[in-house]
Amino acid sequence: MAPSVSTATAAPFDQQPTHNGKITKIINGRLLQNHAIVEGTYLWFQDGKFIHPQSTFFDAQREPDEIIDAKGLLVVPGYVDIQINGAFGIDFSDSDGTPEKLAKDIQKVAKGLFQYGCTSFCPTVVSSFSETYNKVLPLLRPRPGSVQDGAEILGAHIEGPFISKEKKGAHKVETFRTAKRGMAEFDDCYGPELQNTHGTIRIITVAPELEGVRACIPELVKRNMTVSIGHSASKIAQAEEAIAGGATCITHLFNAMQAFHHRDPGIIGVLGSTHLPIPTPETKRHPSPSSSSPSPKNPDPRPFYGVICDGIHVHPNSVKIAYYSHPSGAILVTDAMSAMGLPSGNHSLGGLDVVVDDLNRVYIRGTDTLAGSAITMDACVKNFVKFTSCTIVEALEAATLHPAQLLGIADKKGTLNVGGDADFLFLSDDLSVQRVFVGGEEVRL
Amino acid sequence: MRLVIRDNSNEVNIWMANYIKERINQFAPTADRPFVLGLPTGSSPVGTYRELVKLHQRGQLSFANVITFNMDEYVGLLRDHPQSYHTFMWNNLFKHVDIPSQNVNILDGNAADLDQECIDYEKKIKAAGGIELFLGGIGPDGHIAFNEPGSSLESRTRVKTLAYETILANARFFDGDIHKVPKLALTVGVATVMEAREVAIIITGAHKAIALAKCIEEGVNHMWTVSAIQTHPKAVCVCDEDATLELHVKTVRYFKSIEKVHHALIGEENLGLQGGVKNIKLKRGNDALDDEEGPGAGLAA
């Protein structure tokens, strides 16, 4: 009998087994995989990436070089913060100082973020003049995370200045502009980094109702930027148009936008949209369909939305209402200002005198006015569970999977799947950060 | 042969895992003298593997000096296909324990020359010193490994065409499409298994009852290839009550009574692991028997 012989002599590897890097196996962990907490399975990584150990075992004939006992802790992807303005007294929009000094400051923040479970982030630059952008943006080009360099920089989030004067928040109105001359106005403002050849600009927040802005959205998307609408007085129709035009995110939902009105729900009303164009199944950068999606078999036509989950910027009830109207779009952000990570007391930050209280609230000294947020990512995740009564899995995904999906990097970040970057955390059951690993190496906290 | 009957499949798994653990630990394997274990796949051994993993995790069993030989593997299926036997063994046993990858032997269904692969496999078994204990299951048609009805009882490792029924039964793992199911497999032969120094078979479930009855109550028959264990000097079958449904009451009673004699009258401490009886000290005084030694007297041979 002559059997038909397959010419394949070896299985295709997810991972070439010729790497000599150390193989690490994590045992006794409860892993966040496939939208569930799974026990009785293991996590393997080598050379900074998660690997599929089966081919390593049978073909490369390697066993783990190190076994780490997670002792029953939760093992989850590292948090991804897509909106953070600074921390530890450092402000990403601050352009005073030499490039070396600024680079060191950025590194200081990047390293300090690990303790809060954040392993990759988008340094956010608020509305500024061109000089600032030209100086600061080249320093925010994407660079990998490591124990020495800190959390991974995914690229900058440029929030403004193409935003609405009515919804300025803490931004300086003098810097604001409109796009009368279209993309030329954008290029003029941000400088050469806006061409995005280095992938420097990850996210841009704009107010789509401003003159000329809506028309520029397709070009911004073409340059591989995520367009987010915020600091905007858009009415519902304008907001929906912006989404239809390619915007895939809403910047800090509820803040710096029209309050929800039952006859014109504004940007917030996008969560209830039923007539947005339905993305094809291959479309990236859109959320998976929420239970309320008008089209369950395709990505959700509604965008992602960031939520500052400190309980101060948004009332817990509001967080809950928004969440359940569109669960798969929720992204937790800190929108932290430079006071984040500083001890309570008085601080002078960028010429502004602020007071940090024991609950991490930051006020302009002598007033009741919030200066900004000082919440950390791990606190956001804990609060989110408290405010919405969602499951641990849902809260964790809002801090990992969803931001990674928004940025189109869900195969590398926010995941424990094979091929992903080995950025992960050990959490106790109350979601407190116990151990942090970036690129497969443990960070000493 | 010994037939050990337990109440349910869970008890069977625990018994078998414990037996394997004891066999390995009493053998005290070293790098120079490893324990060579033959392993099956399929639904029967899943629970046993689970119990073995538990024993390993409790620190009671190490696989550092165990060499394994699996019974079979599909032809033409890539190794990391979810239905390959490589994947089965990885997920059910290897990934949980400390077995070195060089100690693992599974037939390569993608070898350029399948016949040579089979010949080489037999050579590897010989080079390892032969199999100390071969664990197996039993198919509803009484087959051991892929030695389906009609397989020679003297067969060795070879390429086998799968029976149509087997292909149909397996279609559920391949998107319900019988064209995706492998039609050929490499399997150890009946004689390959019988050459092991000991054979242990797990049989659970009512759907295996007829096969069990055919294999132990009737003759050695190539239509029910597991029946070959009747001629093996050291074989043990472990089954649950459901699997005994087609056996004669007499058979079941006999094997249960043997166990009773062992435990109540002879005493477990006098029994060797493989059924041999050590120095007998009978419980009630019969002086003439006090000095009697019966090493390997094999009450249950």
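Each residue, glycine too, has its Cβ placed from N, Cα and C.
All annotation found in TrEMBL is predicted automatically rather than curated by experts.
For the Zn(2+) site, TrEMBL records A:Glu159, A:His252, and the single candidate of A:His231, A:His275, A:His286 listed with them is A:His231. According to TrEMBL, the residue from A:His313, A:His315, A:His326, A:His402 that belongs to the substrate site alongside A:Ala170, A:Asn255, A:Ala256, A:Arg263, A:Leu370, A:Ala371, A:Gly372 is A:His313. With a cut-off of 8 Å between CB atoms and residues at least 6 apart in sequence, the same chain places A:His252, A:Phe254, A:Asn255, A:Asp335, A:Leu370, A:Ser373 near A:His313 (substrate binding site), listed in sequence order. Between the CA atoms of A:Ala371 (substrate binding site) and A:His231 (Zn(2+) binding site) there is a gap of 16 Å, rounded to the nearest whole number. Here the binding-site residues are A:His231, A:His252, A:Arg263, and the one with the most other Cβ atoms within 10 Å of its Cβ is A:His231.
A:Asn255 (substrate binding site) falls outside any helix or strand according to DSSP and counts as coil.
On the backbone, the CA of A:Gly372 (substrate binding site) and the CA of A:His231 (Zn(2+) binding site) stand 14 Å apart. If you measure from the Cα atom of A:Glu159 (Zn(2+) binding site) to that of A:Ala170 (substrate binding site), you get 11 Å. A:His231 (Zn(2+) binding site) is 5 Å away from A:Ala256 (substrate binding site) when you measure Cα to Cα.
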